[in-house]
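Asks: Take a look at this one; I'll ask things after.
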Amino acid sequence: MGKVWSKSSLVGWPQVIDRMRRQQDPAEGVGAVSQDLANRGAITIRNTKENNQALAWLEEQKEEAVGFPVCPQVPLRPMTYKEAFDLSFFLREKGGLEGLVWSTKRQEILDLWVYHTQGIFPDWQNYTPGPGVRYPLTFGWCFKLVPLSPEEVEEANQGDNNVLLHPMCQHGMEDPDKEVLVWRFDSSLARVHRARELHPEFYQNC
């Protein structure tokens, strides 16, 4: 039996076992491609740019100038609870996201940056529907989207320095409920999966 597995057969095994130990399940709430990456180690033919919105969107980004390379610098992987948790606290510490007005383009830039630097497939940043507070579907991501009151929007729009195309000046045009949303950090989201409590139907196939 010892002849079958010689010393030469063990080349690379330390790296393999290290990868196995570091393997984590995807965070609850990630998309179908991330589930593929976690369960099968690759994107399968079940998910294509024809039937998966995230894949189609990512393909489009490769053809546009977004300010930094789109291809990931590290192996492609799904968002895990720990990754989402660590990213949340990293962004909170560095600043910039807290209180920033949400827009589709800004969310896409964040998704692409995480994809490029960490190799995390961009189907993890999704939120519960409105109106009202939108909670992250991915457990571990501690930023929710909070609507501003009409008074807060008007106050922010006062002055001569406002840019007409700034998300604040769009009065929620991108949001189905016409609300101006901002990212807000909420550490309780690391302990309580509010999205699953409010919308268990979103997790039936997870």
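Going from the start of the chain as shown, residues are counted 1 onward.
Every residue, even glycine, has its Cβ placed from backbone N, Cα and C.
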Asks: Taking 44-47, 72-75, 96-99 as the choices, which stretch does Swiss-Prot tie to motif 'PxxP'?
Replies: 72-75
Asks: Please work out the helix, strand and coil residue numbers for the region 'Mediates dimerization, Nef-PTE1 interaction' (108-124) from the DSSP assignment.
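Replies: Computed counts for the region 'Mediates dimerization, Nef-PTE1 interaction' (108-124) are 11 helix, 1 strand, 5 coil.
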Asks: Over the span of the region 'SH3-binding' (69-78), how high is the average pLDDT in this prediction?
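Replies: Average per-residue pLDDT within the region 'SH3-binding' (69-78): 72.
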